[in-house]
Amino acid sequence: MSAPPFAPSAAARWIIGVVLLAVFAIPIASMVEYSLRDGAGYSLVHWTALFDPENAGTYRPIWTGLGNSLLLAAVTVVIVLALVAPTVVLVNLRFPRLRQLFEFVVLLPISIPAIVVVVGLAPIYQSIGRAIGTGVWTLAFAYGITVLPFAYRAIQASIDAVDLRTLSEASRTLGSGWGTTLLRVIAPNLRPGLLAASLISVAVVLGEYTIASILGRQNLQTALVVVGKQDPWAPVILSLLSLVFAFALLIVIGRAGRARSGRTSA
């Protein structure tokens, strides 16, 4: 079979791969080098200082912000699984003609700057504060909008890979209700997409700064800015740890997808 027109040669693919690898590797290597640098050379002094009990007061905002971000990530994942996923399934099954319009609306947040989203949400959060308080967990409502495009694409990709209508009709024919069909028939077949949507949502929430900063809430990223004024190495170290966590999430998603493909082919 002949190669498609305009396909890059093997050498060109290698060059492109090396360039892309350098784009990602050089900044990360620079961050590692900076975090190890001290007055006399290189050491782990800045890494160990982060966990030194004597510095607990200095780094307390980081651990508070990390706890808030993990709470927000958990609530956001619940929103994705309890609201976004069933809605995507419902649109595909009951309202297929509205899928393009639904997709357009869902993907809008990715094209709107975060600062514009915050300006629109500020009056809403004033009402939310009067009704249910100003706890940091309320940011999950805004984060649910932020992660919507990423969660939708992950779930929709899994839906496109299965015959959703046949599965639903077979389950309903056997007497199952909508809830049973969704939880025991559809959800297991969409597990890779649901897992990917959840993990991507966690990664997005852990890296969000603009919304939390402008709305006056503390999360991991705003805490890094505060602590960075006293210890410039701490934000770099935490950013490296966040990258490691994000790479681990990608590995989990990839393995889950391969495991699902292996079971399907078997």
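Positions of Cβ are set from backbone N, Cα and C atoms, glycine also.
TrEMBL entries are annotated by machine, without manual review.
Record features, source TrEMBL:
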- 66-253: domain 'ABC transmembrane type-1' (DOMAIN)
- 12-32: transmembrane segment (TRANSMEM)
- 70-93: transmembrane segment (TRANSMEM)
- 105-125: transmembrane segment (TRANSMEM)
- 131-152: transmembrane segment (TRANSMEM)
- 193-212: transmembrane segment (TRANSMEM)
- 232-253: transmembrane segment (TRANSMEM)
- request: Using a Cβ cut-off of under 8 Å, list the residues of the same chain at least 6 residues beyond the transmembrane segment (232-253) that approach it.
  value: 28, 31-32, 34-35, 46-47, 49-50, 59, 62, 192, 195-196, 199-200, 202-203, 206-207, 220, 224-225
Query: Are there 3 or more C-beta pairs under 8 Å linking the transmembrane segment (12-32) with the transmembrane segment (193-212), counting only pairs at least 6 apart in sequence?
result: no
Of 12-32, 105-125, 131-152, whichever stretch has the most CB pairs under 8 A to the transmembrane segment (70-93): 131-152
